[in-house]
C-alpha cells in the first residue's frame, strides 16, 4: 500500500495561525462536499497562495487547506434545484454567488464555493487570482528591469550633475574675476572724469532733450532686437530647428502607436495562446507559440523603456538630446536580429497551424477583438520588421536638420550606421515573406476558407475583376450582350491567380469573398487555356464578335470528376493579354517542369530536380550573386542580390522561367539597366544561343549517359556527366545536316487495355508500322500520322533496323523514347481528327485519364476540319517540341546515328528552346508593359525587326510562328488606350463651355465627374515614374510629370472645395455648401473614389474652414457623423490601415489615394540602397517595389463607365474659382474674427 504524502504539519498550523490573523481575505463561505454533494458553511482564510478553512471563526486548528499555485478561478451559474414546493428557498439559493477553483492536474476535482453577496464573491475571486507565486516572479522581473533602467538613468544624472557643479564653480570664478575688472574700470573712470557741475544747474530743455534721446535709444534698441529676432526666426537655422522638433514630436507619436501595437500582439495573442497551449486539448503547442512569437515580449519591454525615455526628453523641451536614447537601443539589436531571422519561419509555422480548425477558430476570436481593428496576427508580426527602417528614416531627417558642429551629430550618425546594417536584413526578410502574408490575407478574406493558400510554396501572381459568362450544355454560350448590366452585375467575379491554382470568387456587400461552389478552385495542372474560343471551338464560333475578342476559355478536366468549362470576359484587350500571359506561364511552370522531369527520368541518369540541384550557380552564393532561403515558383531559391549579368542570365535560363521573377524584372529593370540591354540579351539568345548560354547550363542540360557502356557503369553522380559538354557545340549547321527530314510518327488509338497508353511507333511510311514488343494494339486501330520533321532530326530508321537489334540493350532506350514521345505529343494531335479516326467506343472521357498531367495542353492548336489525312500536320507546341527533342537527345542514339547527327539534334533542341524563351519574354513584355514601346520608338522598331527575323526562320514551329505573329500584331496595331478618355481631351472639350454655378449642379453629378477626372489622371501615370523616388527630386517636374500633375489636381480640387464654401457671405449658405460637399464625398466613397473623399475632407479640415465655429454649428449632426466616418476611412493613422483594408474589400474600378503608395515606395527607397557595396542589384528591394506597382496597376487598368459631362467638368477644372491659401485665411478672419484673449 502506497504511503500518504508527508508534510510539515507544525509549520502548516503556524501558517494557519497567521492566516487567521493576517490573511489576505477571510470570511465565511459555503463549500460543496465531494461525497454527498451538500453545502457546508466554513470559515476560510487566504494566506499568500494557501487557502485554509476552519469549522468556525474561533477554531484554532484548520479543518483543511488548499494549495492555490497554478490554479484558476471562475464564476459558475447556480446549479438547478429540484422540487416545486420550495420556490422561496430556491430563489434564495439562486441569488447566491457561486464560483469554482480549478486545479491544473487532470483528475483533480474542483473546489466549489458560494457566498451570499456578489461583491464578496468578486473579492474572493480576485484574491484567489492574485495568489500566484509565478505571477509575483513575473512582476518582480519587470520591476527589476525598470529598476536597472532607473539606476542607469540615476547614474547618468549623477554624472550630468557633477559636470554642472564643475561648470558652476568655473562660472563663479569667472564672475569674481569680472567683478574685480569692473571695480578697476570704475576707479579708472572716476579718475578720468572731469569736474561736473551740479545737476540742479542744468537747463530744463537739456533735461527734456536727454529724456527724448533716452526714449529714442530705447526704441531703437527694441527695434534692433525685434529685427534680430525676426531675422533669426526666418533664418535657415531656426527653420531647421523647427523641423527637427517636428520630427521628434512625430517620432514620439509613432513610437506610442508602435508600443500599443506590440501591447496588442503580446496581450491579445501571445499570452492567450500560451494559456490555450496549457489546456487539456491544446489547439497549439508551446513550441509553436515560441516559434511564432520569438522575442515579441522582450521587444515590447524594450520599446516601453525607449518610449518613456522619449517622453522624458520631450518634457525638457526645447532642449532635446536623443543620442543617448539610441545608445540604449543599439545593444538590444541582437534581439531584433533573432526576431528578423525567425520571421519567415514564424509565418510558415502560423500558416501550418491555421490548418488546424480549432486553432483557426480560436485565432479568429482573438482577431475579432475591437483593439485589433480588423487586423490579422501576421500583420502584427510584421510591425517590428518596419520599425528599424522607420528609425533610419527619422535619423536621416534629424541629421539633415542637425548642424555639423552639433554635439549629437556623431552619435546619431553612428546609430544610423548600425541600424542600416540590420535594416538591410529586415528588408530582405520582409521581401521574402511578402508572398506568405499576401496568401494569408486573401485566405482570411474568403468566408469558407481556402486550405490551398496555406501552402507556403504557393506564390500569388495577380488578381482582378473578370466577368463569368454563363454557359449551357456542350459549352454553348448563352446569347448575352457585352453591355448587359445584368451580366456585369451577376457575372462579375474576383479572380486570383497563383502559381498552382486559379480562384474564382464573388464578393458580398460587406466586402468578404465567397468561393464559387462549382469551379471556385481550379488546379492549373488540370486546366486547358483557350485564348480565342471562336477559333478553337465550333460551338462558340462568333463569340468573338459578341464579346469583342475579350473572352477566353478555361477547360477543366479534373481526374476524379466530369470535365467542365469556364468562360471569362476581361474588361479590355490589354487586360486579357496580361491574364493570358500569366496563366499560360503558370501552367508552363507546372507542366513543362513536370514534362522535363518525365523525359529525363525515362531517358537519363540525371533527373531535372537533380539537374537543378547539381548546378551550384542556382543555389550557392558567389561574388556576383546571393540567394535567400525562399524558393520561387520553379522550386529554385529566390535571388536576393545579383549582378546585372546574372539577372539577365536567369531571365534567359532555358531550363525554367519563374513567373514571379519575370514580373519583378519587367517592372524594375530600368532601375539597374536599360531596355536596349535586355532586348540585346534576348536577341543574342535567339541568334547565338550557344555562346549566350553559360557552359555549365549546357553541360547539365544534356547530362545523360554517353553510350551503352556508360549506362551500366556510370551513375548519376559521375564527374563524366559534368564534363560531357565542356565546350559548346558548333554553331554553323549545313543544309545537309539540317534537322528538316521526312520523318513521320504514327499515333495509335484507342487505349491499350493493359498499359493504358497510346502506342507511338516509328515508320518509314504511314502504312508501315513497327509494333512494340511489350504491347501490341488491338486489331481495330486508327492511326494519325504526325509530321514531326521539325521536331526530330534523327535519320529514318526502317523496321528492319529495329528488328535486327532486338537483343541489343539499346532497345530499352528506344522503348523509353517512344513512351516519352507519346506523352509529349498526346495533346498535340488534332482533336477533331483523332475523334474521327478512332474507334467509336473511345470517347474523350476515356482518353482523359491517360493524359500526362505534365503535358502543356493550354497551347493546343486545332487544324481546320477540311484538311485531309495526307497533308494534315500536327502543330506541336514549343513545350511539346522541346520535350520530344529532349527525349530524342536525352539517351544514347540507336545504331546508325553518327556524332554529327547527334550534335544536330542537340543544337536543334537549344535553338527551339531559345526561340520559345525569347517569344515568351517578349509576349509578357508587350502585353503588360506596352508603355515601354509607346514611349520608345527605337525599342519598338528593334523588337519588330527581331520578330520579323524570327518569322523568317524556316525551322520555326507553327505554334511559335503564331506566337510571334500575335506579338507583332500587338505591337503594330494602334494604341488601345485611345478609346479611353484623356485629361487633354476633357480640357479641350470644356474650353468653349459656359461655366456652371455650384447651386445648379447636383451632388451626384459632381461626384461622378470628380471620380472620372481622378481616375483619368491616375490611370495616365506610367509605372516607370514610381521608380527612383523622382517625385522628391529637384527636377521632379521633368522626371515625374504625371505624378506631379496628379498631386496638382488633388490640391486644385481641395482648393476649389474650400473656395466654394468661403464664397458665401451668410452662415446658412456656408453650412449648406458644407453639407453638399460631404454628400459628394459620400457618393465618391460609394463609387470607390477614395482620392476624391480625401480631397473633400482635407478641404473641410483646413484651418480657414475648420475655425468657422458658427458655420459648423449650423451643420446637422448627421452630416458631422458622416464626416467623421469618411475621415476615419481615409485617415493616415497606422500607414492608412483603414484605407488599405477598404481597398482590399472592394472590387475595381477604384481610385486609391496616390500618396499612400508614394509613402510606401519612399519607405522602401530610403530604407535600403538599390545596389550593395559590391555593386550587386538589391533584387529583394526590386521585388517589394514590384508588389506595390502591381497593386497600383490593378486599379489603373479597370475603367469607370461614367459618361463625361462637359459642363460639370468645366466647373471642376475652372482655375478662376480657386482662392489661394493666404487669401482664404484672411477671408475667414473677416467672416468670423478672432475672439479677444
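Cβ from N, Cα, C; glycine included.
Within the listed segments 155-193, 194-232, 233-271, Swiss-Prot records coiled coil for the stretch 155-193. Checking 431, 508, 737 against Swiss-Prot, you find phosphoserine recorded for 737. Per Swiss-Prot, the residue annotated phosphoserine among 290, 423, 746, 820 is 746. Annotated by Swiss-Prot as region 'Regulates proteasomal degradation', the relevant range among 744-752, 879-887, 888-896 is 744-752. Feature region 'Disordered', per Swiss-Prot, maps to range 829-873 of the set 829-873, 919-963, 964-1008. Secondary structure of the domain 'PH 1' (22-133), assigned with DSSP and counted as helix (H, G, I), strand (E, B) and coil, comes to 23 helix, 41 strand, 48 coil. Counted with DSSP, the domain 'IQ' (205-234) comes out as 29 helix, 0 strand, 1 coil.
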